[in-house]
Every structure is written in structure tokens, then in C-alpha cells.
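As written in TrEMBL, here are the features:
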type     : residues  : note
COILED   : B:9-36    : coiled coil
REGION   : B:231-272 : region 'Disordered'
COMPBIAS : B:234-251 : compositional bias 'Basic and acidic residues'
COMPBIAS : B:252-271 : compositional bias 'Acidic residues'
REGION   : B:298-357 : region 'Disordered'
COMPBIAS : B:300-325 : compositional bias 'Acidic residues'
């Protein structure tokens, strides 16, 4: 690169792109190291908190305000009555071609809950690269087997699952059919003709309240549009070739990407949870690593009248030295309150965020 | 701990505090690993961007909106005309008793700038533990040698430096004098009697505009009140003893901390940059690691009319494959515009934040 002094105009965008590439690699390496350090701790925490009823419901109650916007009182009721645990895993971290950015978020529920048949709702996010140069996470709609009259999304998640299945079928047919059907633009125009596409747009328009439910998040696909594993492999191969050229100081061709932008807008319209990526990010980067802090804050809010805990315990530190057992009764009684009061954690302020300076 | 199945009520706050402690240690370890991975990259980046005039001023122009709130048009003018570089270092990371959370932020300026005599303004943040259990970063006011009529803080930073010096002098006298003078509460009441304390409160009241200048940040002390290295060492020793007890499963005494809260309020009043910790956090965790992305976004905003760069380059990725040299002229001409237009980057939206999910 430019280790020797060079005239100012010698710095090119190529040089900066090369540097950015190295920063990106460093981030991946950091994620791997971080995973090694935290994995045994998360396991240990899971064992401890499994013994505290409503632990995760209480964590969600004290969630950061950005998260609260995605949870309705009815959602909170489901969490309070049926949520058993949350688990976050970087499921590709040990795969040779996997990304440490790929992540699965698993919600475990009471198998006898009154809302749906599912004991586990598992949302998987793959970090993929699209042929237009975009990279980020994509997911697939998760089927929720709602019990009769209990669907908080009023059929939105079902519609997302149906549309996704129809698109897959269409893609498979296109692969066996005419070759020009595989371009992104023509793919998009074909999807808009699917009855499932029209159905979901109609459902979104007529169910504005249902679209506020947290459970629409299980139908989230991507902020960019779905990218298949095959497309991602092809894009990654192209990207690796570019990188090799760049490292050798060779010129790299820019591809034509104009038509893709329209696609993005088009995909957005059928997305039932447009902020799905933000929701995932808050769970993975805030709620999951800081769960005990949020739980302690929830305990504090619950125990306020009893004055059992001092103010100092809400401090951004870990000096909470009470050796009293966690007050299970005060946790469980939350259930009864929920039914009238819904999201009763929303007025309490979240615990101070951890500073990393 | 609780590896064997145990009745629910056996989980205590002590167990959770012990876990939190382990998470805190894991965070420190992660910071160390991250430092090893990124240190050579930051060095390389510094060499490359040193060849791009106004690189850091342009990064600041495209700063996240939270940061923009702390920068006035006059501040932007200083950056555009005189800022040479920004450096962030974890200066205690290799010290046996140091914290990887301690950080120094260094601003280098043109030595012939019209605003102040200083070539370097260096703000140091120590991560310390107070005797009341709080831990976080503290700093000391930095003297800025403003040229005549150029002080954007209207004497606020000078006043902060003066008050800090007076407090130090008072502390030293107290250590040689009566022993009861060292309690936190009496210390506080003594500080309010200092003429420098009254002077700074008066200055804050009468200079509301000046207190918006970014440069007040150099006078920032702490969100908690200053903690000396000695106090921190004593508090850390006590904390280590507690941890040892906790690890052995022994009971840990809670200390009386009620009076400290009043102190905090009191310290806040003389703080000329109450959000100083947030400012430091944005620089360390956003602007510093993502500098090239912010710079590229600034270039994009500047070149908009010329349509030299495609929209795709603002994407959250590093596929900007132009091999054109960085357009220095468009960077430097920013200067002229600044004087009428001030913070002209404020209307452009920041680049998309990097997702870590």
C-alpha cells in the first residue's frame, strides 16, 4: 500500500476500500474471540436464570425504550404467562464458510400455553451477500401455530409464510424454465403477480393494529430483500476475486446496480415487520448480554414500595451485595396485574447503559 | 455455585452479582483481545488518512446526530480550518493495574491556527472506582490557551481548570490537617465555599451560548464527581476483598452510601459539560472505529451535484471500487463555505450504522 511517502492525490477510494476490508475482517475476528470468552458464561447464566421464574419476561419488561416500541400490552401478556427462556446463538461461528454475524434467536414457551401450539419459536438470521454488493442479515418467516382466536398478528405471520413459500416455488420453476427469468427485476415483477403478494399487502393495509405486535417479527425477511444461500455464495466468490485484485493493486470493475434500488422498495412493501433488523439487534446486542442488569432493574421496580433494595443497586455497577433470595412471589404476582395493566414495565426507566469508553 | 439442581429460592442476589462480575471480567478480556486485533490497523489507517487534508473535519461533519448536538457552527469552523488529526488510545491497557477502559482522546491542530496556542489538546479519561461503589470514567479539565478574543467557551474551560486546581490544593491541605475533613460530605461543603466554585456557577449562568461549544468538553470531569487514583486504588482493594468473599460463598457487608447521592447533585452543578461522557463514548465507539465510513459519506454529500459517486457507495458495505484519487479540492473548498454556512454537514444524513447482529 502507501507506506512510503506519496503525493496527496495518490490516495484513492481503492485504498480506503482496502482498509475498510481489513477493518471488516478485524470485526469478524473480534466476534470470534468474544464468542470464545463469553460462551461458557452464557451457558452458566442460562443454568442460573432457569431457576428464576419469569426471568426473561422481566428482562423484556425493562427493555430499552427502542425495544418497547415493538411490544404491545397483549405481547407482554404472552411473555408474562408463557415465556420460559430466550437463547441467542451464533450458529455458523464454527463453520468454515459460515459468518460469525449469523445468529439464531430462540424463544421457549410453556407447551401448555393458551396462545399457540409451539413450544419453541426460533428465528434464524443469516449474514449473506447479495449480487448487488449489499451484505447484511436475511431471515425466513416462521410459522406460528396460533390457537383459535389468539393470533395477535391477525394472520399477518401466516400470510408472510405463505408468500415466502409461493416465492420459493416460483424461483424453483424459473430455474427449470426460461433463463431470462432469473434477473432480479423480472423476478420482482413476477412476485407482485402472486396472489399471496396481493393478499399480504391487503392484510397489512387492513390490520394496522395487528402489525404492531411483536410477533410480526417472526415474519421478518430482510431490510434488503431475501438473498438465497446460492446467491450469497456466488456474490462472495465475486467479492473474493475483487479483494484479490485489490490486494495486488489491480483495477476493479464496478458493476451496474441501478435497477436493484427499485427492487428494494418493492420488497419493503410486503415486509410485515420493517424494523425487524433493529429488533434483532436490540435482542442480540442489548437484552442478551445485559439480561441480568435488566432483570435486577425489574426487581427494583417491583420492590419499590417495600424498600427492600437501596437506590445504589440501580447503579451501573455490580455491587449488589444482598444475599436475600430472589423474591419469587413478587415476580409471579406480576401475572395477575398484567391482565388489566398490560405492559406495566413501560413507565419504569431502563437501567443505565453500560459505558464502554 | 449452583451446578447441582437446587430449589428455586436458592438463587440469591449474591449469585447474580457473582455472575455479573464474571461478565464484567469477560468484557475487559474482550477489550484486550479487540485491542490486539485493531491496533496495527489503526496505525495503518492513521498513515493513510494523514495524506488526506481535512479528513477528520469531514468525519466530524458527518458525525452521528447525537454528536452534532454538541458541536456549534463556530466549533465546525475551528475543525475545518485547523484540525489535523484525532487519535484514540487505551493508554492503560498494558499496565498491570490499569484498566482497558481508560482512554485518551487527542486532537492535533495546525500550530499556526488563529484560535489557540495549543498544537495538541489531549483529554484523558481514567476508569476508576469510587468508595461508594460507583465505577466509571473521570477526567481532568484541560487548559486551552485561547488567543485573544477567540475563546469559544467565554472563559468556561479556564474556570473549570481554576476550580480543579483549587480543589486539589484544598485536598492536599486537608490531608495534612484535621482528619475529619476527608469525609466526602465535608469535602463537598468545603468546595462550595471556594471562590472558584462560585465563579464557575456564575459563568455557567451567564454564558448559556458559550456552554454549547464543543470545547467545554475539555473541561469535563465526570458524571459522578472526581475520583483520585488513591481513592480508586483503595476502593478496588475493598472490591477485590468482597469478590474473594463472594467466590468463597461468604456473606458480604453492604456499606452505607446514602450521603453520596447528594454529593453527585452538587458536583453536577459545577460541571461545564454535563454530557461529557456521552461525547467521549461517541468519539471512542462510533467516530473512531467508523471514521472511513463517515469520511466516505462526507465525500458523497460534497460530490452530490457532480454525480461522481453512485448511490451504492453509501451502502453499508465496502464495495466502493472507484480508483479515482480522493477529490482534495472539493474538501478544501469546504473552508470558504463554512464561514457563512457553519455546520454545513448537519443536513446530510449520517451513513448507515454498522450492524453487529
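In case you wondered, yes, glycine gets a Cβ from its N, Cα and C as well.
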Beyond the flanks of the coiled coil (B:9-36) by 6 or more, those residues with Cβ under 8 Å of it: 1-2, 90, 93, 99-101, 243, 246-247, 252
Local confidence of the prediction over the coiled coil (B:9-36), expressed as mean pLDDT: 90
Number of helical, extended and coil residues in the compositional bias 'Basic and acidic residues' (B:234-251), per DSSP: 15 helix, 0 strand, 3 coil
